[in-house]
Amino acid sequence: MNQILLCSPILLLLFTVASCDSEQQLDSAMHLKSDSTKSASLKNVAPKNDETQAKIAKDDVALKDAKKGDYIMDIDISDLPLDDYPINRSKSLKSSSIDLNNIPFNKGLDDFPAKEKNQGSNQSALKALQQRLLTEQNNSLLLRNHSIYLMKEIEARKTDIIKVRQLNLDLELELNTVNRRLLELNGQLQNTRKSTKPCKKRSSKDSAPPAANQFQEANVRNTYRNKYLTLLKELSQKINNEIAKVATDVPTETNPSQGNLPTL
């Protein structure tokens, strides 16, 4: 009798587990079927309105009153809206665009101010990043303008360098031309020297005697001496004339004699 009483709860437990497994298999099959027919039924789904919402509410009440085994095989998935009333609530929540599993339902309403604070901090960080972005853009614009100015300066310097190089080339060409002309003149000079004959030296017999040279030197000396004396006489005559003029302008006690300076 005790064995029968112990076996009955075990059998009941096994029956419960088997029913749960069958329900889970049916739920998974229905979910797969709903996913496969979702694309085909999108065109037939009508927009939600008040009538459809009321109908769904009535169906919900009827489904709650009935047993799962009675209605689960009689429902046509294509006749139901996709997201209005899903059969398996947990799986519909997973398939929705909002992942409700990540929402911490176990936390209270005290966490919402923290979220608002986080949003405020995120907004302030976003504003700071925007301000930094504007600053970086301004700095990049300034650097770009400076780089453009430097590039223009570099181009101008390159132009000057090219001009100087061209001028150096012109000067080198002129220098080569002058050197070539000098070489030609040196060649002509060498040819002229070769073409001319050296003069013959005078012999000792043809040279003048020493007495004649001395006489010529004496004549030259006398000539220069006579010129010197003549100039000296003319100078003394001019001096005497000037003295006479001064004597007539300034009266003195004694008349100056010729060749003597007047006394005041």
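Think of each number as a place in line: the chain as shown, counted from 1.
A Cβ is built for glycine as well, from the same backbone N, Cα and C atoms used for every other residue.
Quick caveat, the model's predicted, so the values are computed rather than measured.
Annotation comment: Swiss-Prot describes 194-203 as compositional bias 'Basic residues'.
As annotated by Swiss-Prot, N-linked glycosylation site applies to N88 (among others), with the evidence given as sequence analysis.
The N-linked glycosylation site annotation in Swiss-Prot covers N122 (among others). Residue environment of N122 (N-linked glycosylation site) contains 10 other Cβ atoms, counted within 10 Å of its Cβ in all protein chains. N122 (N-linked glycosylation site) carries a helical DSSP state (H, G or I).
Feature annotation from Swiss-Prot assigns N-linked glycosylation site to N138 (among others); the stated evidence is sequence analysis. Secondary structure from DSSP puts N138 (N-linked glycosylation site) in a helix. Annotation for N138 (N-linked glycosylation site): no spatial neighbours, criterion Cβ-Cβ under 8 Å with sequence separation of six or more.
According to its DSSP assignment, N145 (N-linked glycosylation site) is helical. Cβ environment of N145 (N-linked glycosylation site): no same-chain residue six or more positions apart lies under 8 Å away. Residues or ranges marked as N-linked glycosylation site in Swiss-Prot: N145 (among others).
Sequence annotations record features per position, and here Swiss-Prot assigns region 'Sufficient for promoting ovulation when expressed in females' to 1-138. In this model, the region 'Sufficient for promoting ovulation when expressed in females' (1-138) carries an average pLDDT of 58.
Marked as region 'Disordered' by Swiss-Prot: 189-219.
The feature region 'Necessary and sufficient for homodimerization' is assigned by Swiss-Prot to 219-264, with experimental evidence given as support.
Marked as signal peptide by Swiss-Prot on the basis of sequence analysis: 1-18.
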